[in-house]
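Okay, so here's the structure we're looking at.
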Amino acid sequence: MKATTVSRGKGGGPDMSAAARLRATRWYQQPRWRRLAALLGTALLGAQVTGREGSSSDIFLALKENTTGTGMWIWLGGALLVWVLREFVSEQLAAGWAGVREGARAGASGPLGRGRELWRSLPWVRVAALTALAVFLVLLPLLVTRHWQQVLVDQIGIYVLLVIGLNVVVGWAGMLDLGFIAFFAIGAYSAAYWTGSLPVEPPVVLNNFLVIPVAVVTCLVAGVLLGAPTLRLRGDYLAIVTLGFHEMVYLAARNWRDTTGGTSGASVDRFEIDLGFWSYRWGLDPVPYYWLLLVVIALLIFLFLRLEHSRVGRAWTAIREDEVAAAATGVDTVRFKLLAFAIGASTSGVAGVIYASKLGFINSELFVLLFSILVLSYVIFGGMGSIPGVLLGAAILIWLPEAMRDQVPAQDRFMYLGALLVVMMIYRPQGLLPSRRRRRELEMAEEGAGGADSLGTSEGRRV
Amino acid sequence: MSAKPSLEKRPEPGPGPGSGPGPDGPPLLELRDLHVGYGAIEALKGVDLEVRRGEVVALLGANGAGKSTTLKTVSGMLAPRSGEVLLHGERIDGITSHQLVRFGLGHVPEGRRVFGRMTVLENLHMGAYRLRRPDPADLERVFALFPRLHERRRQVAGTLSGGEQQMLAIGRALMGKPELLLLDEPSMGLAPLIVQQIFGILREINEQGTTLLLVEQNATQALQLADRGYVLETGELVMSGPAGELLSDPRIRAAYLGEHVEAEAEAEAEAGRG
């Protein structure tokens, strides 16, 4: 060994050169058995971390329990399977997949291609599929248990509303917003204030439905007040500003007890329609809220899809790509960024009103920073800029921890979520159902022709 | 392959093009005693310049002389400290760049800045953003000027070569029907052959009636194309005149065309030794 260190760098010779040593550390340069050993080692570690006793304070008990449990055999089996697939079958698999894709591109041949062809050529297939989906969504809460009804409304429904709002800001206009929940909080506290539920009395008490436009206006104003001086900032800097804004709103809600109720909170009235001859009151049953949310979400998706393909949508795309060039072609960059910010903020406000009215109670702890981060991760997971993508992303990432509730220890659920996000960002950074343009951006980044950062706002790196 | 757009029937660009250099009336663009600075640094120290309708004017100078600053001030990306920018005799300084597009100012920014992830066609449509609906005649004109862009119209702009991106940047600016086209270093980073090709097309664009104000380091190319030229040095105009005269001026030749450089270097070496 000593000889190696002495004679290296003399240019060639029997010892390993620097280049050879660097190459020897690469994964694909290892012998097969070493790759298998590495995978099995990872599996053992995974089994320890995820095992029943993984979080036990008694490390010896944990080691014993976790290595004898079934979890370890699943992990080891999985590692072995990955090894076999990657070492021996991967080429065939890649060839097969390429064939399927080729078939899809060529048109008729192959199952994928045939499905796509059918979808394109027959409008009634599309209409029928969408109708079936709509019927399914309407009937969905009647098919599930009470627990899942609550999850559908309190979490999936509310977060879907939030992600389609944040998608406008992040996915279309390309601004990183870490304080999105601040506007959600403003919406929720608007609901509490105008229904007369806070310690301070409003000038007039409004019906919850009437609060929605009021909250929209409030959030628009808040969004413009925050945005106007700060939207000249780019990417990372704007993210910090929104983070600060979120903390300001959260701390105001928490510490301004005389007005907001702070951590002990305030109870909020529920939705009510009174038309004189007919009245309806939303109560504890989550299903009517689900239908209410479904209507609001459908309406917003319709509006936003129109917006995406309008001049406004094109202006956002141009701004995301290159602000200077966008201005040179006549796009008012500040105005359109402000517009995106305000649209996002008011959507968040609507979600806040519905959330507060559904829960019947709010306190400051419902609006901590974690939720802002979660909404952002749903958007990125699903595929920024694509409405079907972000809907799917939110639904899956909320469903998963709930579905794991009985399978894994409660405190471990978010660990699995984190692992899923890590794996996803490594293998599919464009998200589940990326928009056409986002996919293009990532393909180009791989070819070295564009910025790899997902937001594409840092012009310094592009020049 | 679809039929190539014909070169003959070309629309007239801009509201009042092709009228040639009018001897009377205000110049198309005029800068009066323009001072521009970044913080403590004064980049332009009183620049007077004019561009008449139908002309090609070249603005020359070394790195840091203030060429790009001048162009950025005209295009509204920078606001002057004092002085005036006049378009058609009307002051436009302080108006932001996206609004200036409406007044017939086309801007080909430094470093091309095409929308890298849009296709060529989408880029061109974006260039016509102020018109709400792109004029098909303009598209035809751009494709006639740059047949290469027509070939690649479905290609993503970021994958084009540097020369093609420059063509796209010029084409995109033309889609907004500019009367005055500002070009910031169109030859930057391009092979000499491509530069010649692009300058040939710029001449064609000018002959079709668009006035050009061109910032360049490539003095020979720029002066061969231009009618008149200005030379900037550390924020001040040191020379101006018809392009032909500038091209034959020994000082220009020494400073920008690299002649006598060897002799000077030798002289300096002598001085160093002595």
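Glycine too: its Cβ is placed from the backbone N, Cα and C atoms.
Note: TrEMBL annotation is automatic and uncurated.
The annotation transmembrane segment is assigned in TrEMBL to A:67-85, A:124-144, A:156-173, A:178-196, A:208-228, A:287-305, A:366-399, A:414-433.
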CB contact flag for the transmembrane segment (A:287-305) and the transmembrane segment (A:156-173), at least three pairs under 8 A: yes
Segment-segment contact (the transmembrane segment (A:156-173); the transmembrane segment (A:366-399)) at 3 or more Cβ pairs under 8 Å: yes
Cβ-Cβ under 8 Å with the transmembrane segment (A:208-228): same-chain residues at least 6 beyond its ends: 182-183, 186-187, 190-191, 194-195, 241-242, 245, 269-273, 337-338, 341-342, 344-346, 348-350, 352-353, 357
Positions on the same chain near the transmembrane segment (A:366-399), where near means CB under 8 A and six or more residues out: 151, 155-156, 159-160, 162-164, 166-167, 170-172, 177-182, 184-185, 188, 243, 246-247, 249-250, 253, 301, 304-305, 308, 355, 359, 417, 420-421, 424-425, 430-435, 437-438, 454
Cβ-Cβ under 8 Å with the transmembrane segment (A:178-196): same-chain residues at least 6 beyond its ends: 162, 165-166, 169, 202, 204-208, 210-211, 214-215, 218-219, 222-223, 239-240, 242-250, 253, 260, 266, 268-269, 344-346, 348-353, 355-357, 362, 364, 366-369, 371-373, 375-376
